[in-house]
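**Student:** I'd like to ask some things about the structure below.
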Protein chains: 2
Amino acid sequence: MTIKSFIPPQRTLMGPGPSDVSPQVLSALARPTVGHLDPSFIGMMDEVKSLLQYAFKTQNTYTLAISAPGSAGMEACFVNLITPEDTVVVCRNGVFGARMIENVQRIGATAVVVDCPWGRAVDPQALEDVLKQTPQARFVAFVHAETSTGALSDAKTLCEIAKKHNCMTIVDAVTSLGGVELRVDDWGIDAVYSGSQKCLSCVPGISPVSFSEQAAEHIKNRKQQVQSWFLDQSLVMDYWAGQGKRSYHHTAPVNSLYALHEALLILQNEGIENSWQRHQQQHDKLALGLADLGLDFIVPKEERLPQLNAVYIPNNIDDAKVRQYLLNEYNLEIGAGLGQFAGEAWRIGLMGYAARNENVVLCLSALKEALTKFA
Amino acid sequence: MTIKSFIPPQRTLMGPGPSDVSPQVLSALARPTVGHLDPSFIGMMDEVKSLLQYAFKTQNTYTLAISAPGSAGMEACFVNLITPEDTVVVCRNGVFGARMIENVQRIGATAVVVDCPWGRAVDPQALEDVLKQTPQARFVAFVHAETSTGALSDAKTLCEIAKKHNCMTIVDAVTSLGGVELRVDDWGIDAVYSGSQKCLSCVPGISPVSFSEQAAEHIKNRKQQVQSWFLDQSLVMDYWAGQGKRSYHHTAPVNSLYALHEALLILQNEGIENSWQRHQQQHDKLALGLADLGLDFIVPKEERLPQLNAVYIPNNIDDAKVRQYLLNEYNLEIGAGLGQFAGEAWRIGLMGYAARNENVVLCLSALKEALTKFA
């Protein structure tokens, strides 16, 4: 086959991520590559750290960006903190809680699962009950914003319960960071990971993480080597946190970090509380419109993520045909269902730069047309 | 601190990587982001696979790009193929051979080391001797192009020896791919990994890998789960190799893959043999000039990598001052020594887009001035 330069279509991205990336971020991405030990780049990394501390609402020294997607950020948190002897209580109310369990098991550690219905928040009482019967547990892990269902869990309360039982907390904030309230320090989160491509509206491929002082101490004092060399934070920290001299670990994804820097700067300039509010306002508009179209949300109102709107596909409608129509006729991507909701739901994202008036009206108008056409 | 958009300086990158990225690749990088399951993107991934097969000179079905830097590509090869019961013979003639040993050990497997002098190629006889005494070994691992010293090993011969002893081969081609002859199929390489930021002259953050049919079968048939969820190729293969329907594993680094596609296309358009030749020609010019400056290579002529020129720093010269001068006055980056050669050597890269006349004369002229100034 003859291969030519790839010119992608100009889509509007309203799926579960990647979300729309602003031209400003794409422009930063394309700036000339410098070396990963260039003094100018090191200065930029310090700024990324400070901007991430702002976004996570944390003072944690060990706040940095993993050079890989969110699932590697998840793995970085688990493999650095957990050893095979550990018992981890994991809450599962969707695909990403299940992935946490996989991570625990691949370490050879024990996962005790708090199962909650898909499409609902994690039930704090269920966590408390399991913790009472699992005194050996030293870690609690849960997903703040379940991307597979659109459910928002009460991270503050879940962390309080974990702390009462002397557990450190590992929190998936892939879809929550920048889109809903998240307070790493105030809530007592010990390890948190996110993704660049959701409410930060940066290109995919980078995973912001932050470790509390307690978690960082735990990593430094562990006797067993971390099973992953690439994700071993005791090595990575020397590159990111090194005062003055930085030691080489791996070659950082220089240009992607330019983009993350710019995306975080946009967030800081807007003000993170304003960003949370914008996501809620756009969600309210979208939710009204979806109700007009007769589409029902999976998640009850008070547990709903503004940035991920999962609605049931009406019985008479062909899932694939509608999504194809939106893509082909409107260059609009919405997400398919995942896991238990595969074929049953659509996931409409309103993340970061995508959470704006133009997108909401485009989505509602195009969806209305498609529903009429394929009814 | 007040943070502004980051505008990097325009450097000429002649270190050990990242290498100069062409404007054409940066332009591809900045194209609008599409979803990782968008039909247009899936088509582009098929092309990336085909272009990687061209670059690796392989027909391997399982040829793809890991969504993380070369060190994750290394880890992907080891954790997928090796289990704790395995014995792996690892050749070490620099930093990256040592990293391979780390990988084997973190799996809990046994590494039997073939130690060779730093700055020299791996000695085939030394490998043969160790293999004769290690009948339980089922894998041989070595670095084709040692980025820490600039030594090129005879991958063809090393693979022949490994095969004679019924071992599969794991080869680090991070710095070799695109810069020197590499024939994955003809030489019998079972697992190979590279990096985007060396002779492919793409932005850092992506690691091309390829697995032979035997290696792919071995991965499919293994009974023990791969210790890394993120790097588990039995899952990743469903996303990359899936005929027709692709299953979601993680969110691919969409824009970085645009850039890789473009960089590989440039390589294919030049012709890979022409690229090998260009690296050799530019190296010959540079080597002549370095000799004129009285700088001695670490590696003997016949074992030298054209794309990585490691030379001893003269006794009377301050390493850091020279490199700073080049960076500040000429925006020229050359590399410091690494490992045994830290403070002892400079590493001058001529990789991919950086291997051109302009760079060679710039480097020689600027270096001459700095050597005079700081003598």
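Every residue number used here counts from 1 along the chain in the order it is shown.
Note that Cβ sites are derived from N, Cα and C of the backbone, with glycine treated the same way.
Just lifted these from TrEMBL, have a look:
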DOMAIN    A:33-337  domain 'Aminotransferase class V'
MOD_RES   A:K198  N6-(pyridoxal phosphate)lysine
BINDING   A:R347  substrate binding site
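What's the neighbourhood like for these features in this structure?
**Tutor:** Same-chain residues at least 6 positions away in sequence with a Cβ under 8 Å from that of A:K198 (N6-(pyridoxal phosphate)lysine) are, in sequence order, A:G17, A:P18, A:S19, A:T147, A:V174, A:T175, A:L177, A:G178, A:G179, A:Q307, A:G349, A:M351, A:G352.
Around A:R347 (substrate binding site), the same-chain residues six or more apart in sequence whose CB sits under 8 Å from its CB are A:G15, A:P16, A:T147, A:S148, A:G150, A:L308, A:N309, A:A310, A:I334, A:G335, A:A336, A:G337, A:L338, listed in sequence order.
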**Student:** Looking only at DSSP and grouping its letters into three states, which state does A:R347 (substrate binding site) belong to?
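**Tutor:** The residue in question, A:R347 (substrate binding site), is strand (DSSP, three-state).
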